[in-house]
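What Swiss-Prot says about this protein:
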DOMAIN    1-230  domain 'ABC transporter'
BINDING   G31, P32, S33, G34, C35, G36, K37, T38  ATP binding site
DOMAIN    289-359  domain 'Mop'
Amino acid sequence: MISARFSGRQGDFTLDAAFDVPGQGVTALFGPSGCGKTTVLRCMAGLTRLPGGHLVVNGVTWQEGRQITPPHRRAVGYVFQEASLFTHLSVRENLVYGLRRARGPLRISEAEVTQLLGIDPLLRRPTATLSGGERQRVAIGRALLSQPELLLMDEPLSALDRISRDEILPYLERLHASLQMPVILVSHDLSEVERLADTLVLMEAGRVRAAGPIAAMQADPNLPLIHRPDLAAVIEGVVIALDPAYGLSTLQVPGGRIVVPGNLGPIGARRRLRVPATDVSLGRHAPTDTTILNALPAVILGAEAAEGYQITVRLALGASGEGASLLARVSRKSFDLLGFQPGEQVVARLKAMALSAPAQTGG
Ligand SMILES: Nc1ncnc2c1ncn2[C@@H]1O[C@H](COP(=O)(O)OP(=O)(O)OP(=O)(O)O)[C@@H](O)[C@H]1O
């Protein structure tokens, strides 16, 4: 468990942010520019010292009011927006520097780090010859090799162009799948958060508006996320079948099975799907003559008005609504014509080709 609370002033800015999140997995600090995400991250590293609050990371207290452990005495890895590598050292020497800074037991080896982040082919290169994405991978590797109990990442992809970002995301997903240590990720890019985070801390004007599992936060009618035009549900599942003849994979998710294009194997691998609300339609019966592969029983939990004469319908998969949360954005007219009501059982149709399942190579 990570229990954090920081309060105090930085110039004209007042921070009073508190959250309790799991001591493993990726937690994203998400919110508009200037809401205090970086300040919270710096407080967690001990780089900014605010006199109010506390920080306890998996049983170790790093701050209790004015008693603040200095940054060099915390086992924290910090990855900045722009990779700050030592330019006079090679890639390998940068990694070794991280290893030398290690405090406490060895949790991750150099071989594991280079393999996970695909750094092997770069080891002998001077850092000046690396692309932005490669530099950031090395910076993450160096932070990991310092054997932190907590990895802090401040917008690690924001300085990269779209191509480099797409190239580095699968590595981060791989880290996510295999790392034990907790990660706090600052981001203002929701699609990035949806791919990487388990827990979301939603910040507004120096405060925490809400914190919780990402799927629950996306579907919370009291939070602003539900009104976003790019609203989506994050659903995790396990690969249970592969159909190479048609290029399809089947995932068992809580409350149903979803067929996804591509080979997401091996069987048994955990995968995460992002299902855009605009790619889900609703009906009363399973369709017969249709090209849609996924028609899943679900229960309507509620409905909210959305922009442009649309309705956002909150659903739970499964005949009795016992499964994962799903969101559908449909026209107000069709919703009214069909007379859907909360508690009603429906069939949610998902456009298979619209499902995005990030390619992960980890298990
Ligand atoms: N040392 C400081 N002195 C005065 N004001 C500061 C200081 N550091 C941060 N601030 C102010 O605190 C507020 C929060 O900044 P912070 O960088 O934490 O926001 P953020 O959510 O990370 O924003 P962004 O997404 O733009 O990086 C801003 O208004 C910023 O100008």
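A Cβ is built for glycine as well, from the same backbone N, Cα and C atoms used for every other residue.
Because the structure is a prediction, the values reported are computed rather than measured.
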Result for ligand 1 contact check over binding-site residues P32, S33, K37, T38 with Cβ cutoff under 6 A is S33, K37, T38
DSSP output for T38 (ATP binding site) maps to helix
Within 10 angstroms of the C-beta of G31 (ATP binding site), the count of other C-beta atoms across all shown chains comes to 25
Across S33, T38, listed as binding-site residues, the smallest other-CB tally within 10 A is for S33
Around the Cβ of K37 (ATP binding site), other Cβ atoms found within 10 Å total 24
Minimal Cβ count within 10 Å, across the binding-site residues P32, G36, points to P32
Residues sitting within 8 A of the centre of the G31, P32, S33, G34, C35, G36, K37, T38 CB atoms (ATP site), not counting those, run H188, M203
Same chain, |i - j| six or more, Cβ under 8 Å of C35 (ATP binding site); the result in sequence order is M203, E204, A205, G206
Within 10 A of the CB of G34 (ATP binding site), the number of other CB atoms across every chain shown is 11
